[in-house]
Amino acid sequence: MKFRSDKVKKGIERAPHRALLRACGLSDEDFDKPLIGIANSYIDIIPGHVHLREFVEPIKEEVRKLGGVPIEFNVIGVDDGIAMGHEGMHYSLPSRELIADSIETVVNAHQLDALICIPNCDKIVPGMLMGALRVNVPTVFISGGPMLAGEVNGQKVDLISVFEGIGKVKRGEISEQELKVIEASACPTCGSCSGMFTANSMNCLTEVLGLALPGNGTILAIDPRREILARNAVKALFELLEKDVKPRDIVTEEALDDAFTVDIAMGGSSNTILHLLAIAREAGIEYNLAKINEISKRTPTICKISPASHYHIEDLDRVGGIPTIMKELSKLGLLHTERKTVSGKTIGEIISDAPDADGEVVRTIENPYSKDGGIAILFGNLAPEGAVVKTAGVDPKMLTFKGKAICFDSEEEAIEGILGGKVKPGHVVVIRYEGPKGGPGMREMLSPTSAIMGMGLGDKVALITDGRFSGGTRGACVGHISPEAAAGGPIGIVKDGDEILIDIPNRRIELLISEEEFNERMKNFKPKQKEIKSSWLRRYAKLVTSASKGAILEA
C-alpha cells in the first residue's frame, strides 16, 4: 500500500529525511508503515486535559500493534473558566484558529497519513475539527471524557454552581464559607465540566457528525470504558485509512443538519452555533444561519442537562447517551440515518442498538420539554444578521420580554453594574463592543449572566450582547448579535432607557424606536475604537468575520 508519507521516507533523495526520522526512533521497518499523527492537547491548567498525557499511551500502543507509527504532537489550549471575567478571555476564541492552523501545519509539513485528534474542552474540540477538515486525511476523534459532577449536602453541584454562588453571597443567600464548600466540591475529577456546556456539547456533536465512536461525548474521563473506546477508535482509523475515507466524506451538509438537530434537541451550548458554522466553512459548505430556525421549529427539546436541569452528563451516559437521543428523534424522521460514520456503521445501525428513551433524562417525543428546539436564531432591527439564544435555559415567562435598556461598553462595566445594584427588574442589560472584532475575541459573558442569576434577577432581567456565552449560561440571554457594535451594528446605537423587545417564539429582537429615529442614529453612529496592545489580537481583529459566519479568519 502506498502512503502519503512516502514523500518524506522513500527513495534515495529522502536519505536526509530518514536520517532525521531515525533520530526520532524510527527503524527500517517503520519506513514501510503509515505515519499516524496524534494531535494531543495535554496541558496542566485545564481539568479536561490534565490526564491526556497518560490517556494517549494506550492509543499509541494500539497504533503500533496495528502496524502504524504514532507521531504525537501537541496543540495549545485555553481553559475558559480560568480565563473568564478578565482580559484573558480575549484569547479564548482566537485560540480555536491557532489550533486549526497548528494541525494543518504539522500534518501537511510532515505529510502524515492519518490523524487521531484528542481534544476535550471548549475551543480545542472545534479547532481540531476545523483542522481535520482542512487537511482532510483519514481522521478519528477520541475525546478525554467528561468530569463527574460534585455533591454538597446530597445535591449535585458543578462549576456553574460556583459562578452563581458569587451572586448568592452578594445578596446574602449563602455565606462565604458555604461558597467555599461548593468551590471545593464542584470539580471532583479530571474531565470536561460535567454539564451540557460547550466542551461536552461539542464532544457529543462530534459523535453526531460521524467523526467519533458512540460514547465519545458521554463516557466519563475516569470510566475504564474510555480506554476501550479509544482502542476501538484506533482500529476504526485503520479501516478508514485502508478505504481512504476522509473527514469531508463524512461531514456533509446532511451531517451538519443532524448535528444542529441533536444540538437543538438537547439544548446544547449556544457556542455550538458559532463552531458548527466555522466547521461547515472548512468542509466547503455555506450553511445558512436561517436554516437553523427551520430545524428548531420541527425539533422538540427532549433532553435538558445542567445548567438547564439537575441532570449531568453522567446521567445522560447512564441512559444511553447520544445514540438514545438520536433514536428518539429518528421516530419523527428528523435525521439522515443512512449516513456513514467512522465506526463503519450508519447512524441508523448505531441507533438500532441504543436503549429507548427513559422518559426522564431523555424524554420521549410524545412528552418533550417543548415542541420546538432548545436553540433559536433571532432577527430584527437590532440583529439584521441574526442573534442566538439558548431557549432551553430560558424561564418560560421570559420567552417574550420587553424592558428598558441599561448599556455597558464592556464586560467589566456590566459586572460592576450588576453586582453594584444598578441593574433592576425590568431592565435589558446591553453589553457591546465584545464581538469578534470589538472585544477582540468575543468574550464569554458567564460572569455577568451568573451574577444576574445569583442576584435573584434571572426571571426579571434579560441580557443581550455582541459577545457570546458560556455553555453554562442560563436565563433570557441573547448573544452573537450581528453585526457587532465595532462593525457598525445597531446594538451600538442603543441608549439607556430605550425599550427593547425580545420575542423568542416569533424569533424577533427589536429596538422599539421610530424608523426615523433609528435611521438618524445609524447615520450619526461612529463605533468606539479600542487600543489593542497585543499584535496577535490586532491581527485577529483585522481578519475575523462576523459571528453570523462563524467568526472565522479571512485574509
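Every residue gets a Cβ built from N, Cα and C, even glycine.
Of the listed candidates (Glu444, Glu484, Glu499, Glu510), Swiss-Prot assigns Glu444 to the same Mg(2+) site as Asp80, Asp122, Lys123. Among the binding-site residues Cys121, Asp122, Lys123, Cys193, the ones whose Cα sits within 10 Å of the Cα of Ser470 (active site, proton acceptor) are Asp122, in sequence order.
Counting only same-chain residues six or more apart in sequence, the Cβ atoms lying under 8 angstroms from the Cβ of Cys193 ([2Fe-2S] cluster binding site) belong to Pro47, Gly48, Gly81, Cys121, Pro146, Met147, Asp158, Leu159, Cys187, Ala199, Asn200, Gly472. A 10 Å cutoff on Cβ-Cβ distances gives Ser470 (active site, proton acceptor) a total of 28 other Cβ atoms nearby, all chains included. In this structure, Asp122 (Mg(2+) binding site) belongs to neither helix nor strand by DSSP; it is coil. Under DSSP, Glu444 (Mg(2+) binding site) is assigned to a strand (E or B) in the three-state scheme. Each of the binding-site residues Asp80, Asp122, Glu444 was scored by other CB atoms within 10 A of its CB, and the lowest score goes to Asp80.
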